[in-house]
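Taking it in order: structure first as structure tokens, then the write-up.
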Amino acid sequence: MGVFDRLPPMDLMRSEKMCFVQLIIPAESSRVAVTYLGELGLLQFKDLNEDKSPFQRIFVNQVKRCAEMSRKLRFFSDQINKAGVRSSVRPALEPDIDLEELEARLGEHEHELLEMNTNSDKLQQTYNELLEFKLVLSKAGGILASSHNHAASAERELDENIYDNGVDEGNSYLLEQGMHQGSPGNSGVRFVSGIILKSKALAFERMLFRATRGNMLFNQAPAGEPVTDPISGEEVEKTVFVVSFSGEQAKTKILKICDSFGASCYPVPEEMVKQRQIFHEVSARLSDLEVTLDAGIQHRNKALESIGSQLWRWTIMVKKEKAVYDALNMLNFDVTKKCLVGEGWCPIFAKSQIKDCLQRATLHSNSQVGIIFHEMDTIESPPTYFRTDKFTNAFQEIVDAYGVARYQEANPAVYSVVTFPFLFAVMFGDWGHGICLLLGTLVLILREKKLSSQKLSSFMELAFGGRYVILLMAIFSIYCGLIYNEFFSVPFHIFGKSAYECREKSCSDAHTAGLIKVRDPYPFGVDPSWRGSRSELPFLNSLKMKMSIIMGVAQMNLGIVLSYFDARFHGNALDIRYQFIPQMIFLNSLFGYLALLILLKWCTGSQADLYHVMIYMFLDPAGDLGENQLFWGQKELQILLLLLALVAVPWMLFPKPFILKRLHKERFQGHTYRFLGTSEMDPDSEPDSARARHDDFNFSEVFVHQMIHSIEFVLGAVSNTASYLRLWALSLAHSELSTVFYEKLLLLAWGYDSLIVKLVGLIVFAFATAFILLMMETLSAFLHALRLHWVEFMNKFYHGDGYKFKPFSFALLADDED
Amino acid sequence: MGFLVTTIIFLLAGVAASLSTLLCCNRGPSTNLFHLTLVNTAVICCWMMYAIVYLAQMKPLINPILSGE
């Protein structure tokens, strides 16, 4: 064991050593200091003002200012997006401006933009109204022209209406007068023309009819093309109408009804000449307005462009400032109100960097007093910080998804980097599919730089983040595929001749008694003769099941050994003696023995039934083994192992709680006397935890905890070993799917003579392989390998109840916000 | 014999891979230890896979019976 002490500590095996530090910053250099600390990104501030609401904190005004500025920036970016202006991000040609200047500038720009927007809105409305007027002119002109031709029939209609509805005498007299007076084109009948939404036209007409008691003539013509409504700004279907009536009262009624229906009325002169005149005037005004509108839009777009080129810089600046003030809000003013006091966690290796940082801040802020930075003691458990690079980051995140490691606990990611892709490959083994995966992930890795700066869809982002995981998965899949001898389920004779041949030259009994083994086993991997034979499945199933058991026992042993190293690191001899040793004994005397039996059976070629052996080891240990005997002394060994396992269970259950109780009593025995002796107590001399835990040792709780832990281990030993059989199950499923696609799709299609059938078969085979085998099976095997790691491997040693180190860092801020 | 030879080949490959990792990416003792752990774990896993499949075929209890007529 001494050799392990002489080795250097392994990178990534345990989280970085952290220390709790206190900073005392004079008020004038506080902002600069926190900004530099944010750039360094290695200090996690502890929130000393947790119980205060956001409005009670010190720098609440600055935070509000920053929030207001970021609102203005968001407004600008909205406007830019709406206008569709594309601005290039110019490099920082302008000098850095400070926050007050930026605030003023932002205010100016916003005011300008809002003004421009209102102006252009008004102009646009006028423009739309004029367009409508033009439309009304043209359509109403048409209606009036045609109505003059029907003047006679209109006359008759009006007469009938008068007689039917009993209109006022005065009115009817006037109407009659008007009728008889007028020649076509110059009747005393007045009219109102306008435009209304098509959907409302019918109701409008009916309302008018009722209100004027039928004394009106309603002509309408659809506008033909969708018109932009001046008020709502949308394109709607409208109808031009002309209401002919007579009398003042009718006019007011009609106008009121037009108002209520939202119809816009435009004055249209009766005479054709005047109509044309006004038409020309309106067209001229429209073209003028168009020019003005265009100019306005250009002006606005230019302003937006100049804003847009700076927008990114400004946004980042404002975000940084807000973050700095949020961090400053976590600090406290001390009694003199001249310094800010802050506390936080930082890794020990970063202490000198932080000191440098703070010195620079003192210098740049021209402060007289330096910043005090010193370590403090605390009982809180430190955060967990792993320094990962782009390769190990994905694996660490996979482990963290289950639970962040406790401070300085053994990190399963170290072994998962290899075992996770390896177990994936055991379930995926096909070197053809592995090559496809490899090509796919190489594309991602080679375009790493370009893809990392782009914004990707969520699926692509997952795939891109895990590109190194998939790379290892692909490489191991190729290896396992070579071992299983499957290339899209086709075996090859790459490594030499098959070990099996026909009994005689004529191969007459190849389909009944089968081939015989004439040589040494196939040098690397599964013999290609098995593929397609009738006894393929019994052979492969037996092979893969036993392989799963052996791999499972190996990985679980690794987990228990890691718990030994953990206990050793923390100096916990109790755990080693009363947890590690009985766990090893229990697991290996049962399942390690099973693995040994498997290996022996393979090496000796015995016909022993291992199920029988294992079951009767429990049911009838003293019974005779008979033909299931694999080696001499097996019965005695089995009895011994059974006894060891039975002893191991109380060994891991009982001693630990009692010893813990005794240790606790010894440790705190003196303290009870001390409490009676002293009346004054210095709160700093005795850490809180000791006082808190003084009476806190609850024996029954500890005992129950230990019992649960032991039962979990004992029962888990059986269930976890069986759980590893999923390695067999998934690998069988993959192989069978692959075989089905190959035989029933490709071979079937290839059997036909027609080229089209062959092509179609090839395409369907390619799609089926890509979607079902490459995507679905990958996800499935990924998931199961993940489960095997999270549950069966990590529950042997991992606690996973830590919290992650989240330093105050501008780089992390950018990731968060996006 | 084939098994022993291949096992020795795996062993040599492991040693070679470890040495080349130490030579090409020498980044301090703790990082080296980490890389060595990865390489050796990979070699052990691969060898285990090969050994299991080879041992299972050394003295088989059944033999391939071709399907079809």
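Just so you know, glycine gets a Cβ as well, placed from its N, Cα and C.
Predicted automatically and left uncurated, TrEMBL annotations should be read as such.
Keep in mind that what you see is a predicted model, and the values were worked out from it rather than measured.
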From A:99-126, A:659-686, which range did TrEMBL mark with coiled coil?
A:99-126
Within the same chain, where does the transmembrane segment (A:547-565) have neighbours whose Cβ lies under 8 angstroms from its own Cβ atoms, ignoring anything closer than 6 residues to its ends? I mean 6 or more beyond.
4, 410, 412, 415, 419, 423, 426, 575-576, 579-580, 583-584, 587-588, 591-592, 594-595, 598-599, 717, 720-721, 723-728, 788, 792-797
Are there at least 3 C-beta pairs under 8 angstroms linking the transmembrane segment (A:585-602) and the transmembrane segment (A:422-446), leaving out pairs fewer than 6 apart in sequence?
no
Same-chain residues at least 6 beyond the ends of the transmembrane segment (A:467-484) whose Cβ lies under 8 Å from its Cβ atoms:
390-391, 394-395, 398, 417-418, 420-422, 424-426, 428-435, 437-438, 440-442, 444-445, 448, 494, 524-526, 731, 735, 778, 782
